[in-house]
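Record features, source TrEMBL:
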DOMAIN    23-305  domain 'G-protein coupled receptors family 1 profile'
TRANSMEM  6-31  transmembrane segment
TRANSMEM  40-63  transmembrane segment
TRANSMEM  83-102  transmembrane segment
TRANSMEM  122-145  transmembrane segment
TRANSMEM  169-193  transmembrane segment
TRANSMEM  249-269  transmembrane segment
TRANSMEM  289-308  transmembrane segment
Amino acid sequence: QSIAQEVMGLLCMILLTLTALVANTVVMVVILKTALLRKFIFVCHLCVVDLLSAIFLMPLGIISSSSCFNRVIYSIAECQALIFLNVCFITASILTISIISVERYYYIVHPMRYEVKMTIRLAVAGVIFIWVKSVLITVLALVGWPQGNGATSASRCTVYWSPGAHKKVFVIIFSIVCFVLPTIIIFAVYCSIYRVARMASLQQASVPAQAAAPRHRSNSIASQMAIITTRNLPLPRLMPERFLGSNKAILTLVLIVGQFLCCWLPFFAFHLHSSVTAGTVGGGHGEMVVTWIAYSSFAINPFFYGLLNRQIREELARLRRSCLNRPLGQELCLSVSEASVQENFLQFLQRATSTLETHASCISPSPRNRLDQTKMAFPIPGQVPEESS
């Protein structure tokens, strides 16, 4: 039974590593190959961090966790390198998830402010901030390590191998910066987005199901602001789906926040308990389990933050069809008509402004790019009206 459990554990670790490699590579390639998807800079950065973790960190984790590699010995420098990669990639991944949440909040709730202030320079500054903070926290983890030519078993190469009072301080700071604060940010942000989605659903339910009369477009800023703040498109297709949209919003909120908590709460709770409890030494089977539950986040993130996005998913399907030399016309209209069932609530508000146009484009094809559906002059119900600067 012990051998069977060891083999199953090893297979699960290998499967998670391969999933992280494939999924992150696919999402990253789709974003980089499509010009209109390059706005997902932080999603691409998250894939890069998780891909680096799958290449360097997870294989070393397999060696440290499986009894098949009990005879592997790490020097002090090699053990320090493993701890460096562990803390650095975990910090970078969690901070990137937090920034993605804040970016989505501004993209949905304050779209005009997002368009004005979200520049390449700001995105690069955010990426630099992530890595600088990750390196600083990692340096704090390596303070007080023994010097010399000592060695330890791979299974004992954890942050607790070098005891000291500073380890307790590091684990507390690490838990606050990389778990407590990101959890508060993610929960608050997605609750705010859900409230906007709920408001959009209620406003759409009150709109009469009749075609809107065309209006003459004015180039004045005052006229455009009046249209943006007062005009709501009647969308008959949303009427029978508003309750479904609300349920999907709640489900997606629970999935995103729940996935983050399920992956990282056991990890940080274990390390906090091991650091503050007198006489408790880290390592062993418990640390291996919580570590790989945390590592599973590297394989799950590309699905939650990449493939759940309708634009990325449709572009991936288009690339797959182009590789198989299949016609795109009819399948494209079918994917657009079915999008309301597949999308999550982060695209629920975008659908409120793009459904009519995409439906008309399937009836009478036009050269308009389908990935640019969100750039329309009509508002998302429930958005915060604001003036452009």
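Residue 1 is the first one shown; counting continues down the chain.
Note that Cβ sites are derived from N, Cα and C of the backbone, with glycine treated the same way.
TrEMBL entries are annotated by machine, without manual review.
Residues 10, 13-14, 16-17, 20-21, 24-25, 27-28, 31-32, 69, 72, 82, 85-86, 89, 92-93, 96-97, 99-100, 103, 120, 123, 126-127, 130, 154, 291-292, 295, 297-299, 301-302, 305-306, 309, 312 of the same chain lie 6+ residues outside the transmembrane segment (40-63) yet bring a C-beta within less than 8 angstroms of a C-beta in it. Using a Cβ-Cβ cut-off under 8 Å and counting only residues 6 or more beyond its ends in the same chain, the transmembrane segment (169-193) has close neighbours at 87, 90-91, 94-95, 97-98, 101-102, 104-105, 108-109, 133, 137, 140-141, 143, 159, 253, 256-257, 260-261, 264-265, 268, 271-272, 274-276, 345-346. Long-range contacts of the transmembrane segment (6-31) within the same chain, counting only residues at least 6 positions beyond its ends with a Cβ under 8 Å from a Cβ of the stretch, are 37-38, 40, 43-44, 47-48, 50-51, 53-55, 58-59, 61-62, 65-68, 292, 295-296, 298-299, 301-303, 306-307, 312, 315-316, 319. Counting only same-chain residues 6+ beyond the ends of the transmembrane segment (122-145), those with a CB under 8 A from a CB of the stretch are 41-42, 45, 76, 80, 83-84, 87-89, 91-92, 95-96, 99, 159, 162, 164, 166-167, 170, 173-174, 177-178. Same-chain residues lying 6 or more positions outside the transmembrane segment (83-102) and placing a CB less than 8 Å from one of its CB atoms are 42-43, 45-46, 49-50, 52-53, 56-57, 60, 126, 129-131, 133-135, 137-138, 141-142, 157-159, 174, 177-179, 181-182, 185-186, 189-190, 260, 264, 294, 297-298, 301, 305.
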